[in-house]
Amino acid sequence: MTVNYNLLVSNSSPWALFKLLVRWKGSIWKAVWLEYLVWLICFFIVSAIYRFALPDEQKKIFVHVSKYIDEKIRYVPMDFMLGFFVTIVVNRWGIIFQNIGILDNVSLMTAAHVNGKTVEARMIRRNIVRYCVLAQCIVFRDISMQVRKRFPTLDTVVVGRLMMPHEKERFESIDDKYAKHWMPFQWAISLANYARRKELVDSEIRIDTLINEIKTFRTQMATLRNYDWVPLPIMYPQLVVLAVHTYFFLALISRQFVDESNIIDLYFPIMSSLQFIFYIGWMKVAEGLLNPMGEDDDDFECNWLLDRNLRIGLTIVDEGYEITPDIIQDEFWGSVDLKPLYAVGSRAVQSLEGSTANVKLLPHNANEVEMFPLQDNDEVFDDRVPLDRSLNQRRVSIVHKMSNADRRNSSVDSSVSKFGNLRRRMSGFHLGSKPSSASLGDHHFNEKGAYHNDIHDDCISVEIAHPNDIHNIHSPKRIVFEDSNGESLKFDDSLKRAQDLHKRHKSEEMGSHHDITFATSHSVSNPHQVVSDTINEAEENDQVSRHSSIDVPRESRKAKEDDSEDEMDRKDTVIKRI
C-alpha cells in the first residue's frame, strides 16, 4: 500500500522531516541498502589490495590511474541525466494517477438520472455501475501485477462476482485478437439507452449527461492502457542506469585514499558514501515511479480501488437512492452574524483579503479627494510641475470621504446617493446669489454668459437661480454643475432620472417654493439639447432623510404624491427657450 506520511509533516516543526528518516517502508534506506553494501565491500577490497598486495612500483601506477580517473570522471553528466529522467517519470506518474479511475461521478449520475424504485430500475442502475467496475478490472488485469495475481483467468473474475456466467459467455463469444475491455462499457451504455426507452430517464439531456460520464471513465481506462503500451524508450532508462553504475564503479578506484602527503588516512569513504546514497537514491525514485501499477511499497493499490468502486458505486445507486434527510431550518437560520463553533485547541483561519485591502493612503484629516483628467505623463509624475486645474475644469471631480457610520446608514442605491450628494452640495445657494453655470452639449457657458467650445462630453448646460430645482428638466444627457467658486459636481444620470427620483421624495418635502429661472444667451442647433417648454416647480427640503421611501410600491407613492400636491402651492415657472 502507498506509504502515507502526511500526518508527520502536518506542521513545519524542526523535527517534522527528521521523523521521516526513521521510516523503513518505502524509504531510501530500503531502496539502496543492498547496492550500497555491495559497493562498500568492493571499495574495501580494492583498498586492501592497494595497501597490502601491490608492490611499490605498482602502487605508483595505481596512484596515477586513480588521479586520472578522478579528474576525468566529471565528464559523466550525472546531474543533467538524472534530473531530466526523474522529471519525465514524475510527469508520467502524475498523469497515470489522474486517470486511475474513481467511479463516484458515474454512480451519482446514474442515481440522479435513472429514476424509479422498481426491481427493473434497481437492476439497471446496479448493472451500469458493475459493468464499469468490470471494465476497470479487465484493464487492470493487463497492466497491474497485483490484479493479475488476484484474477489470473476470467473464471476467477466470475467467482469474484464482478462478472456473471452468462456475461462471460457473451464476452468470449466475440473472437477478437485485441483486448475486449470496451465490451462492458458498451453494455453500460446500452442499459442507459434502454432506461431512456422505458422512460426511466426523463429527457435526452439527462441521458447525454450519464453517457458522457461513462465515456469519461472509459477514456481514463484507455489512457492507462496507452501509458502501459508505450513506456519511455528503453534506451533512456538503460543510459541512466549504465551511467550511474559506471560512475560508482570508477569511484572504487578514484576515491581511494592515495595521497601520502596528507597526514590523515581515511579508511572509510565518508563523502563517497553520501554521494552514492544521493545518486542511487535519485535513480531508485525514478525506478519506483516508472511503473506505479506494480508491487512496490509506493505503487497504487489497484485491488483496493476495485473493491472501493464496487462497494461505493452500488451503495450510491441502490441503498442511497433518494434517501435524503428531512428539510428543516438549519442552526444558523435568521442569524446575521454567523459564528460557527470550534473545538478546544483549534483556531480560525485568517480571512482572505488582498495584500493592499487595508492600506490607507489618505491622511486622517483629509475630507475629500480631488480627481483631474489625464495630462502629459511627464508632468503628471513630476512633483515639480503643478497640475493644470484650468484644463477642462468642468471635468474636475471632488470625491468626499464617507465615514463608517454614513456607510452603515446609507440604504439607497448609488444613483440616489449621487443625487442626494448633489442636492446637499448645492443647498447652500440662495435665491439671488451668483448663478451657477453648466455646459450644454458640446458648448460651454460660464456664469457671465461667455461661450466656449472646448467641452466634449455629452451634457446639458443651463444657468439656474436655485440649483435644487432641477427635477423638471427633461433630457437624456448627463448633467454637470459648477458653483460660483469654480467647484464642479457631476451627476452621471439622465435628468429624467433626476425628475423621477424627485417625485419619490416629494411626499416628505416641506417648505416654501422658489421660482426657477433658466437663462442662456446662445442657441444650439442640436434638438436633443433643447430644454423642455413646460416644467413643474417644487423645492426639496434640505433635511430630507436618506432613508426615504424610494422602494415604496407605485400605488403608495402615487397616493402620497397626490396628498402632497394638494398641500403645496403651485407657481408658474418662467423658462426661456435656448
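Cβ atoms here come from the backbone N, Cα and C positions, even for glycine.
Because TrEMBL annotations are produced automatically, they should be read as predictions rather than curated entries.
Quick look at what TrEMBL lists:
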COMPBIAS  543-561  compositional bias 'Basic and acidic residues'
COMPBIAS  568-578  compositional bias 'Basic and acidic residues'
REGION    537-578  region 'Disordered'
TRANSMEM  36-54  transmembrane segment
TRANSMEM  75-95  transmembrane segment
TRANSMEM  234-254  transmembrane segment
TRANSMEM  266-283  transmembrane segment
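Most Cβ pairs under 8 Å with the transmembrane segment (36-54) belong to 266-283, among the candidate stretches 75-95, 234-254, 266-283. Non-local neighbours of the transmembrane segment (234-254) in the same chain are 39, 42-43, 46, 62, 65-67, 69-70, 73, 76-78, 81-82, 85, 88, 272, 275-276, 279-280, 283, 286, 290; each lies 6+ residues outside the stretch with a CB under 8 Å from one of its CB atoms. Only residues 6 or more beyond the boundaries of the transmembrane segment (266-283), in the same chain, are considered here, and those with a CB under 8 A from a CB of the stretch are 28, 31-32, 35-36, 39-40, 43, 47, 78, 82, 86, 240-241, 244, 247-248, 251, 255, 257. Residues 223, 227, 232, 236-237, 239-240, 243-244, 246-247, 279, 282-283, 285-286, 289-290, 292 of the same chain sit 6 or more residues outside the transmembrane segment (75-95) yet have a Cβ under 8 Å from a Cβ within it.
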